[in-house]
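Step one of this worksheet: look at the structure below.
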Amino acid sequence: MDSEDETVEETVEGLLDDDGLPHGFCTVNYSSTDRFEGHFVHGEKNGRGKFYFFDGSTLEGFYVDDALQGQGIYTYEDGGSLHGTYVEGELNGPAQEYDTDGRLIFKGQYKDNVRHGVCWIYYPDGGSLVGEVNEDGDMTGDKVAYVYPDGRMALYGKFIDAEMLEGKLAILTSVDEGKPHFELVPNGPVYNFDKSTPSCISVNPLFPDPYESERVYVNDSLIHNAGEGLFAKVASAAQTVMSFYNGVRITHQEVDSREWALNGNTISLDDETVLDVPAPYNSYYKYCASLGHKANHSFSPNCMYDTFVHPRFGPIKCIRTMKAVEKDEELTVAYGYDHSVTGKNGPEAPEWYQQQLTAFQATQQK
């Protein structure tokens, strides 16, 4: 945040010219507790400089005649950053934004400090949004697309503030100087935003996800007494998103207060929400909009749970490979019951898990 216009200079540390103005390298402290360190020429910023704002954010770059010009870096108080092009102190031109881990989360253009033109928003899970933003810089319009983590399959259509209202199945064929080119799948299905509630898992429970349908299928598990399992439809590299875990959204308190038998398909989404696939939706013939709940537990898993922002389901979990998997290989995850919380006979976990744990520990001791 640049509050320079609203502040009054309090102190100057450094060289002054004959008129008492900063000249050379100086530190200027403002009454707002903002601070600027950089080069001055007779009271105007000229050369490299950096603002330190009261909220912990910073802005650095090259100044000409008291205004930021060219490439500048704004670092947010949480450590994320915006690398942009400045013209007379305003963001105008190409820009990239990065999260606190240094991952690219935005690429596009700015005009007069507002996102402009065709922009890309990147999610940590590998998915992305692309389209021409509106006059407020929001991803709103009828030519916006969500692109799945494979960078190929997409849902193209109408979005409001980055949320899909209606998307048609499409293929991203090319990207030319940041501008994507899509081909709609002939007679392809249309998808709508369908975030679950505590009582409704989906308005179209038998409408499968196109990305997931290319990568996994359900069959009898190879694990003894495990029922159905989730299998790879195609060979996939490590770190590939394979499947999605949607469910009704209930509280941790509700889960903790009921019997283990009712928690066979629950997974924690965050500190407040648990995703649950209850009966009858645990049957593939009643619910196949997402299949992540079909993955069975293993103490030597080839996959892991991860968070995912889905264009249809909203914030959910996904199943991501931890190593390369072969076609028709069963996908397994570690269910992650807490071994430090013990009951009378072992960890606070269902009986089948305790039995598998005992057997696994026995093999490790051989």
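Just so you know, glycine gets a Cβ as well, placed from its N, Cα and C.
Counting residues per DSSP class in helix, strand and coil order gives 0 helix, 16 strand, 7 coil for the repeat 'MORN 1' (36-58). Marked as repeat 'MORN 1' by Swiss-Prot: 36-58.
Residues of the same chain lying 6 or more positions beyond the ends of the repeat 'MORN 2' (59-81) and with a Cβ under 8 Å from any Cβ of it are 2, 38-39, 44-51, 53, 87-89, 97-100, 105. The repeat 'MORN 2' annotation in Swiss-Prot covers 59-81.
Secondary structure counts, DSSP: the repeat 'MORN 3' (106-128) has 0 helix, 16 strand, 7 coil. Residues annotated as repeat 'MORN 3' in Swiss-Prot: 106-128.
Annotation comment: Swiss-Prot describes 214-336 as domain 'SET'.
The S-adenosyl-L-methionine binding site feature in Swiss-Prot is assigned to ALA226, GLY227, GLU228, ASN296, HIS297; the stated evidence is similarity to another entry. In this view, ASN296 (S-adenosyl-L-methionine binding site) is surrounded by 18 other Cβ atoms within 10 Å of its Cβ, with every protein chain counted.
According to its DSSP assignment, TYR245 (site 'Histone H3K4 binding') is in a strand. Around TYR245 (site 'Histone H3K4 binding'), the same-chain residues at least 6 positions away in sequence with a Cβ under 8 Å from its Cβ are ILE267, LEU275, SER290, GLY292, HIS293, TYR305, ILE316, LYS317, CYS318, ILE319. According to Swiss-Prot, the site 'Histone H3K4 binding' annotation covers TYR245 (among others), on the basis of similarity to another entry.
If you take the C-beta of ASP256 (site 'Histone H3K4 binding') and look for same-chain residues 6 or more apart in sequence within under 8 angstroms, you find none. ASP256 (site 'Histone H3K4 binding') falls within a helical segment according to DSSP. For ASP256 (among others), the entry in Swiss-Prot reads site 'Histone H3K4 binding', with the evidence type similarity to another entry.
All protein chains considered, the CB of THR266 (site 'Histone H3K4 binding') has 21 other CB atoms within 10 Å. Residues or ranges marked as site 'Histone H3K4 binding' in Swiss-Prot: THR266 (among others).
Under the heading site 'Histone H3K4 binding', Swiss-Prot lists LYS317 (among others), citing similarity to another entry as support. For the recorded site, LYS317 (site 'Histone H3K4 binding'), the DSSP three-state label reads strand.
Marked as site 'Histone H3K4 binding' by Swiss-Prot on the basis of similarity to another entry: TYR335 (among others). There are 18 other Cβ atoms within 10 Å of the Cβ belonging to TYR335 (site 'Histone H3K4 binding').
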Report, as numbers and ranges, which residues of the same chain sit near the repeat 'MORN 1' (36-58): CB under 8 Å and 6 or more residues beyond its ends.
1-4, 14, 17, 19, 21-28, 30, 64-67, 73-77
Rank the recorded positions HIS297, LYS317 by how many other Cβ atoms lie within 10 Å of each Cβ and give me the one with the fewest.
HIS297
Using the alpha carbons only, what distance in Å do you get between ALA226 (S-adenosyl-L-methionine binding site) and TYR335 (site 'Histone H3K4 binding') once rounded?
14
Quick one: largest C-alpha distance among ALA226, GLY227, GLU228, ASN296, HIS297, binding S-adenosyl-L-methionine per the record, in angstrom?
12
Cα distance, THR266 (site 'Histone H3K4 binding') to GLY227 (S-adenosyl-L-methionine binding site), nearest Å?
17
Roughly how many angstrom lie between the C-alpha atoms of ASN296 (S-adenosyl-L-methionine binding site) and TYR335 (site 'Histone H3K4 binding')?
8
